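**Student:** According to TrEMBL, the protein carries these features:
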- 95-150: domain 'Potassium channel' (DOMAIN)
- 186-264: domain 'Potassium channel' (DOMAIN)
- ASN91: N-linked glycosylation site (CARBOHYD)
- 21-40: transmembrane segment (TRANSMEM)
- 124-145: transmembrane segment (TRANSMEM)
- 171-195: transmembrane segment (TRANSMEM)
- 207-225: transmembrane segment (TRANSMEM)
- 237-260: transmembrane segment (TRANSMEM)
Amino acid sequence: QQRNSMPLLTIYNRQISWTPLLVLGYLFYLLLGAMVFQLLEKQAESHFRDQFQLEKLKFLQNYTCLDRQALEQFVQVLMEAWEKGVNPEGNPTNPSNWDFSNSFYFAGTVVTTIGYGNLSPSTVAGQIFCVFYALFGVPLNLAFLNQLGKGLNAHLITLERWVQKPGRAQVVQTLAVAIFLTTGTLLFLVFPPLVFSYVEGWSYGEGFYFTFITLSTIGFGDYVVGTNPNKHYIPLYRSLTAIWIVFGLAWLALVFNVGADLMEKFLQLKWHKPDLSLTEGATTKLEDEPEQPRIHIPS
């Protein structure tokens, strides 16, 4: 029997390819996100824009020696400084963005592809080095996270082997996954925002937002640790944060793999009428994919 290369879904004894459904679902999800973000953010953006223009008018009224063109030029200078990684706040004695601790943190954001965008090389030599550093560093980081994920997965498999009676295997398997998810959530998503809130002066919600955006490698750059010029940070603060990011990336990658596994299994379900039996070979399995470190999900 010839095997179809397209993954199929059986509904009422009829085979259909779920790949177009997945594509449509993906596009629908993007459109839904665009609509919700527009609804939530556009009005707030308009309010902040009007407020900023009002502040500029007040500034010109208070300092009559300046005209609008001079103010716009100064704003442009501030924007260029920010783009170069120089915080306009504070004074010239602010710590360098390129001391060893900050450079170590930046190197971590490069190989993990987080790329906050608040800091980047400004010299040609630095930009060229960054390209080749990422070229070799990103695969190295993926291999490291893959091996770390396999190690975490191996501990779960070892826990399952402790169980001798078949009746207990399912319970311990489920318990192992629950412990893994709960412990990781506490270590990487719940407790770190408390630290960031205390050190950075953020609210817990802002700290949680930064935590997830960072570990998911989205990395908008609107919140970055260790950048407030009015605060004194210990030298190892950002380096320790970089180490937390690495282990958090490995954990969240496994969680995402679990979610992908569940979605794939859902898409391969066989829906049929209660009293009808399906013929053998009605559906085909997904083509083999490269092995990824994943948690075993109880069926």
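Each residue, glycine too, has its Cβ placed from N, Cα and C.
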**Student:** For the domain 'Potassium channel' (95-150), what's the model's average pLDDT?
**Tutor:** 88
**Student:** Cβ under 8 Å to the transmembrane segment (207-225), counting only same-chain residues 6 or more beyond its ends: which ones?
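**Tutor:** Beyond its ends, the transmembrane segment (207-225) has Cβ neighbours at 109, 112-118, 188-189, 192-197, 199-200, 237-238, 241, 245, 248-249, 251-252.
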